[in-house]
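These come from Swiss-Prot:
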ACT_SITE  Ser82  active site, nucleophile
ACT_SITE  Asp207  active site
ACT_SITE  His235  active site
BINDING   Trp22, Ser82, Leu83, Phe143, Leu144, Ala145, Leu146, Gln147, His235  substrate binding site
DOMAIN    15-242  domain 'AB hydrolase-1'
Amino acid sequence: MNDIWWQTTGEGNCHLVLLHGWGLNAEVWRCISQELSSHFTLHLVDLPGYGRSQGYGALTLDEMARLVASRAPECAIWLGWSLGGLVASQVALSEPSRVDALVTVASSPCFQAGADWPGIKPEVLSGFQRQLSEDFQRTVERFLALQTLGTETARQDARVLKSIVLAQPMPGADVLNGGLEILKTADLREALTAWQGPFLRLYGRLDGLVLRKVAALLDARFPDSESQVFEKAAHAPFISHPREFCDALLALKARLANR
């Protein structure tokens, strides 16, 4: 079996697994890992097929979750950004006893827009899939640019994301298509109502991929969960607002310790 790239760092007494989003790799967390490493034992992961976890083809959401969970500590907080939020959610549903808390960042249990659901239009996701086969590099860059659009530091943040992608091996087109297929088809809205553990959802108000309307809808659907919206952030709040982002995680850790 191919190996998943996994790095453990930090000296905190609380394990925190960090899962990145589509097209990227674990280097996205470098802007906050130093700050968090004195409070958590961090588990930095390249999802199967991404970055240094080469040798995988397109996977289903369940397959990806099972592969990542097989390497994880017995108990941890699971944090997933964007596509990684779906993977973390699937782990929480499949192995709830191993998840101390679920944190989703700029993520949705259903990314695709529907008649009564805000999300990414189906034709946009299909367009990205089609464009991947025509101009691989440009399609990835376009998707990255969408993630920072609207913020005060949009260009700078987009450059950070691009450098992260280029610093490690690129995922293959089949892996990227598989990830887009998960974003098109996954719908965990009903399944996540069964999750009984702590659930923190973090959003950027300027996010053009996961609209802020999603936060309010999920507040109603998951009344025991908590949500926080970073007012001037877009799809990558940990890059544009690292201090506030870390504060939210430290506050969660404190709440868990006082349970």
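Just so it is clear, glycine is given a Cβ too, placed from its N, Cα and C backbone atoms.
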Seminar exercise, completed: Spacing of the two Cα atoms, Leu146 (substrate binding site) and His235 (active site), in whole angstrom, works out to 8
Seminar exercise, completed: For Asp207 (active site), the close recorded positions (Cα within 10 Å) drawn from Trp22, Ser82, His235 turn out to be His235
Problem set entry | Neighbour count (Cβ, 10 Å) for Ser82 (active site, nucleophile) | 28
Problem set entry | DSSP three-state assignment for Leu83 (substrate binding site) | helix
Seminar exercise, completed: In whole Å, the longest Cα-Cα distance within the recorded substrate binders Trp22, Ser82, Leu83, Phe143, Leu144, Ala145, Leu146, Gln147, His235 is 16
For this session: Select the most exposed residue of Leu83, Leu144, Leu146, where exposure means the fewest other Cβ atoms within 10 Å, treating these as the binding-site residues.
Result: Leu146
For this session: Check the domain 'AB hydrolase-1' (15-242) for me and report the mean pLDDT.
Result: 94
